[in-house]
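Asks: Submitted below is the structure of interest, expressed as structure tokens.
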């Protein structure tokens, strides 16, 4: 549908270049649809009953789908295999790191395809983690903090339909808002799709900077609203769209989103005042980039590499924390952060209470068991270990290939956290010229971050258990 629409547009304005690329795009899509349809018919009716098998399917899915999309990039515009897969995985994982040089020089059909990969990829993550997991397995639903009783609708199908309805409504609303702010129709559609999906891929190499320079702060405000909505829990969005303001405001993740943004925003203001004095435009842009990191969207204004390491560190923390559970955002997630913080508070207050006193460990009216808290700490620990390991590996590979120039280890950490939390903000390290090993490291981070480690963790544990029992 997208290819045909773009083809019709190109034909109406007699753009021969667009017509040629649309024809190539439609050709490869049709060629890929045929074997996919045959395979789907053959597999129809097969049910995955074991949870480990289900996660193996998920792990394969997140490699197979980007591989198919890479063929589209390769055939349509001739991008080499590695870069095509990098762009595809970055798109479907909602990361937004790009190896395309000057996206504005590419045909509309490719720019819209990039946006669509993020839109579809992020929706599939929400459907899987929020709508399917709670019905599949109790333990895994607790890992994702999505209890069976917390649903938008009674069934999986109706929940998925309502989620899709919210997604389409917000995307349409975002398109209208961005057009009102000054963007053209195609750019507004693409940025609304990637904004609501917290993916962040842009149709311009300067990202939001290009429109900010032309239309001013209105573009920042509009895109900030879109990013924030995309990073919220779908249940909270459902309450908001239904007019249930009281339930929306009471949400622990809505409140923690405000708390974290306020704390990190205050830090940026203080650091800027200490280093540059009262520079309102600098503060505004830095706050925007921090919000982009917190929502894990990746829309960018200005050059992040020029920030001092202190402000980069604040943005790194924002990217690591990420958005809400049951949302399109990546990162550790706000609810996990809230649980970890409350757990620390409970541990601190325990020695001052009577020996037989009972501490009710609750969050959002949900009773937390020790296993729930342990799984949160396990996830955060795993995230930190992977982040440190990948950062060191990335910096070493960049040094070996003399690719670092004046960049520091902080820039390498920034890039890794951006990939691991599926953000897309960049200090300029990510590009087509980046060494192959560095691309592999970042792609691995995108893959693990999008899966939230859980499928890999479960499958590895299962294989280890089988080895012990043999």
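The backbone N, Cα and C atoms fix where each Cβ goes, and this holds for glycine too.
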Asks: According to TrEMBL, which listed range is transmembrane segment: 137-163, 164-190?
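Replies: Within the set 137-163, 164-190, TrEMBL attaches transmembrane segment to 164-190.
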Asks: Checking distant contacts: for the transmembrane segment (256-274), what same-chain residues at least six beyond its ends satisfy Cβ-Cβ under 8 A?
Replies: 228, 231-232, 282-283, 286-287, 290-291, 294, 308, 310-311, 314, 317-318, 321, 323-324, 334-335, 337-338
Asks: Mind pulling out the one from 210-235, 286-307, 412-434 with the most Cβ pairs under 8 angstroms to the transmembrane segment (376-400)?
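Replies: Stretch with the highest Cβ contact count: 412-434.
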